[in-house]
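A.B. asks: What TrEMBL records for this protein is below:
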BINDING   A:C73, A:C77, A:H163  Cu cation binding site
DISULFID  A:C73-A:C77  disulfide bond
DOMAIN    A:35-197  domain 'Thioredoxin'
Amino acid sequence: MRLRSLQIILWVAATAAVLAFAAVRWWPATDDTQAAASVFTPAFALADSEGRIRTTDEFRGKFLLVFFGFTSCPDVCPTTLSEVAQVMDDLGSDAGSVQPVFISIDPERDRRLGLADYTKAFHPAILGLAGSEAETQAAAASFKIFYEREADTASQDGYTMAHSPGLYLIGPDGAWLRQFTYGTPAAEILSDLQSRL
Amino acid sequence: MNHFLLAAALTLSAPAAMACETVAIGDLTVEHAWSKATIGAGRPGVFYVEITNTGSTDDALVGIATPAAGMPMLHETVVQDGIASMPHAMSIPVPAGQSVQLSPGGYHGMLMGLTTALKEGDSFPVTLTFEKAGEVTVNVDVLSLRAEGPDCADAGQ
């Protein structure tokens with residue numbers, strides 16, 4: 001009977017040791033793998049409203065808050081840009097550390113309609129960019145986002161755009177930090193930014 | 001009766017903005033009609049409203065018309081698998097005993113072919129056509145580009 005108790009205790013101890021070893025051996029390894037997979041450096045090289053090419057490199061040292069959209073979008077885009085505008089207002093003296101960027105996924109029409117008029121109506125700090133079709137696709141691919149032109153007779157000019165509606169945060173070193181999904185309140189974005197500044 | 005309700009609603013809400021008007025037709029009440037300022041007339045405007053069906057029969061919003069836009073249509077913002085798209089809504093159900101909101105991120109009227117830019121503080125009429133209740137016209141307040149909805153004392157938003 002005494003021996004049996006000892007056996008049980010030893011087995012429990014052995015099992016615990018194996019589990020502890022496994023935890024120490026593999027958990028950090030798994031974490032490293034995930035971290036490595038999620039670290040990437042999105043890049044864009046796109047024209048601003050005055051035709052100057054703007055690149056991610058020139059914003060090193062600042063946080064970038066990037067949104068892909070189109071100016072004929074009546075519902076999703078104004079809602080998100082209003083949130084961004086609110087965040088910029090509420091950042092106060094820290095606003096200089098954050099550059100909000102609106103990347104047009106409908107660049108030809110948006111250049112024609114006026115990009116700067118649109119972004120400035122929400123907030124003067126928002127930089128509007130509209131490149132060529134190929135440059136826009138390259139930027140979207142580097143941010144790992146999706147957009148597509150959809151034929152739709154019930155939309156202006158016979159088409160509309162489907163797109164990833166998130167807001168993307170890029171760190172001062174250029175690395176992707178996180179996404180704020182569509183509908184994230186301005187206050188939540190603000191407190192996330194303030195925790196990093 | 002309808003006229004009485006309408007008159008009562010208008011009287012009660014007289015000091016508030018027009019977006020806070022309540023207009024009734026049959027068992028439906030239509031309120032909080034608002035829009036956002038646009039940058040020029042080249043981009044579509046938007047139309048939001050709240051409809052309550054107090055009756056026992058389902059109805060549906062099947063169309064909108066306005067002198068402010070040549071091509072007003074009903075749309076719905078759908079976010080599926082991380083992609084936002086904006087399909088045309090043939091009709092928006094207004095089930096018996098329920099409220100339906102056309103609001104940011106969901107159903108909305110898309111006002112294409114604006115006759116003029118919408119400016120904050122302006123208002124314009126929109127006629128809603130319901131499958132059963134028929135037509136009713138509401139005044140739509142143009143709020144700021146960054147507005148999230150009308151500021152009515154009774155607004156549940």
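Backbone N, Cα and C atoms are what each Cβ position is placed from, and that goes for glycine too.
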A.B. asks: According to DSSP, which kind of secondary structure is A:C73 (Cu cation binding site) found in, if we only use helix, strand and coil?
C.D. replies: coil
A.B. asks: For a quick check of packing: other C-beta atoms within 10 Å of the C-beta of A:C73 (Cu cation binding site), how many?
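C.D. replies: I get 25 for this one.
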A.B. asks: Near A:H163 (Cu cation binding site), which residues of its chain come within a Cβ-Cβ distance under 8 Å, counting only those 6 or more away in sequence?
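C.D. replies: Long-range Cβ contacts: A:F68, A:G69, A:F70, A:I105, A:I145, A:F146, A:Y147, A:E148.
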A.B. asks: Taking the domain 'Thioredoxin' (A:35-197) alone, what is its mean pLDDT?
C.D. replies: 94
